[in-house]
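Note sheet for the following structure.
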Amino acid sequence: MGACVIVTNTNISSGLESNTTGITAFSMPTWQLALWATAYLALVLVAVTGNATVTWIILAHQRMRTVTNYFIVNLALADLCMAAFNAAFNFVYASHNIWYFGRAFCYFQNLFPITAMFVSIYSMTAIAIDRYMAIVHPFQPRLSAPSTKAVIGGIWLVALALAFPQCFYSTITEDEGATKCVVAWPEDSRDKSLLLYHLVVIVLIYLLPLTVMFVAYSIIGLTLWRRAVPRHQAHGANLRHLQAKKKFVKTMVLVVVTFAICWLPYHLYFILGSFQEDIYCHKFIQQVYLALFWLAMSSTMYNPIIYCCLNRRFRSGFRLAFRCCPWVTPTEEDKLELTHTPSFSLRVNRCHTKEILFMAGDTVPSEATNGQAGGPQDRESVELSSLPGCRAGPSILAKASS
């Protein structure tokens, strides 16, 4: 392996995977360290502030509390935790190659941030499945609030189980007077255990979820873009509802693609290191790792920006959240976006059935009346005149109850 590496299972604090080949304690110029510190500090501030604001927007406003939005809250909390605990502490460890934070936090660092990473990707998968059921199978029963909370709890339990092996084998070692937080895999099968764990993790928290989301959003896209709105409703609620669903799909696809791009180089880095350990002898590898780790962690700060750019309600929520800033001036319309319950249209037919063209309380980040659609009550509206023996009657406008 060469004298350039530490022959221990040094975890240079990936927060997800361990570099068990070890890394030399390369020093860097002060100016370079300052640049990296600024980049990581900006990442943490944007990610924590943005995801905390997203959580507040949804939980503080009754209109926003929908099934899909609960998964968005779960995603935001996971990203917030990953940025706060993973990015900040691991940057210090990776840049100094010394563990300053004690044994207990070593165990914590190899459990909770990794769990948050798993929760993040599984929350995106849950959103994709929820939208698939709402749009492709609109008449199937939707998740209730208790069921949604149970699914979220299950996501955290599965994530904890997947993160536990790295926590279980974590320990503190001393190397030439420097304290290390390492993952000490069983010595008799160290290389095999490491590679197997890397591959299992990549499959379970990257390839498999991305495949599920790709299939789900592909079917959703085909369903929505093939759906035609009847000519007499071309300017009505049905059209707005359909456009809102399309916008939601575009938003979530952008979220997923951003996540995939940010994490792919990081996973490839560790796979390559499992086969070619000598790459860790190169002087530039510390800079490569810091760059790839920053790119991976930056995935935690993009979602709030995407929501704010593509969704009217989130823009209103951000204006309200930052109204103390002199350059932010929320309007009365911003308050109504988050508190006012819109009207919806009912179409009554001879069969005494109702067609709900637009329902209040639809989810974000899809948009309908003023840009929103797709919540727990979100069902595909049905053209009643197409049902046997039924003919649509006059449209009746009714106010939705809050």
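Yeah, the Cβs are placed from backbone N, Cα and C, and that goes for glycine too.
According to Swiss-Prot, the protein has these features:
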type: DISULFID; residues: C106-C181; note: disulfide bond
type: CARBOHYD; residues: N11; note: N-linked glycosylation site
type: CARBOHYD; residues: N19; note: N-linked glycosylation site
type: REGION; residues: 365-402; note: region 'Disordered'
type: TOPO_DOM; residues: 1-32; note: topological domain 'Extracellular'
type: TOPO_DOM; residues: 57-69; note: topological domain 'Cytoplasmic'
type: TOPO_DOM; residues: 91-107; note: topological domain 'Extracellular'
type: TOPO_DOM; residues: 130-149; note: topological domain 'Cytoplasmic'
type: TOPO_DOM; residues: 171-196; note: topological domain 'Extracellular'
type: TOPO_DOM; residues: 219-251; note: topological domain 'Cytoplasmic'
type: TOPO_DOM; residues: 273-290; note: topological domain 'Extracellular'
type: TOPO_DOM; residues: 311-402; note: topological domain 'Cytoplasmic'
type: TRANSMEM; residues: 33-56; note: transmembrane segment
type: TRANSMEM; residues: 70-90; note: transmembrane segment
type: TRANSMEM; residues: 108-129; note: transmembrane segment
type: TRANSMEM; residues: 150-170; note: transmembrane segment
type: TRANSMEM; residues: 197-218; note: transmembrane segment
type: TRANSMEM; residues: 252-272; note: transmembrane segment
type: TRANSMEM; residues: 291-310; note: transmembrane segment
Densest Cβ neighbourhood among C106, C181 (disulfide-bonded residues), 10 Å radius: C181
When counting Cβ pairs under 8 Å to the transmembrane segment (197-218), the leader among 70-90, 150-170, 252-272, 291-310: 252-272
For the topological domain 'Cytoplasmic' (219-251), the mean pLDDT of the predicted model: 73
Criterion met for the transmembrane segment (291-310) and the transmembrane segment (150-170) (at least three Cβ pairs under 8 Å): no
The transmembrane segment (108-129) and the transmembrane segment (150-170) contact flag, 3+ Cβ pairs under 8 angstroms: yes
For the topological domain 'Cytoplasmic' (57-69), the number of residues DSSP places in helix, strand and coil: 9 helix, 0 strand, 4 coil
Surrounding residues of the transmembrane segment (33-56) on its own chain - C-beta under 8 Å, 6+ positions past either end: 72-73, 76-77, 79-80, 82-84, 87-88, 91, 95, 290, 294, 297-298, 300-301, 303-305, 307, 314, 317-318, 321-322
Residues of the topological domain 'Extracellular' (91-107) by DSSP state, where helix covers H, G and I: 12 helix, 0 strand, 5 coil
For the topological domain 'Cytoplasmic' (130-149), residues assigned helix / strand / coil by DSSP: 12 helix, 0 strand, 8 coil
DSSP-derived structure type at C181 (disulfide bond), helix or strand or else coil: strand
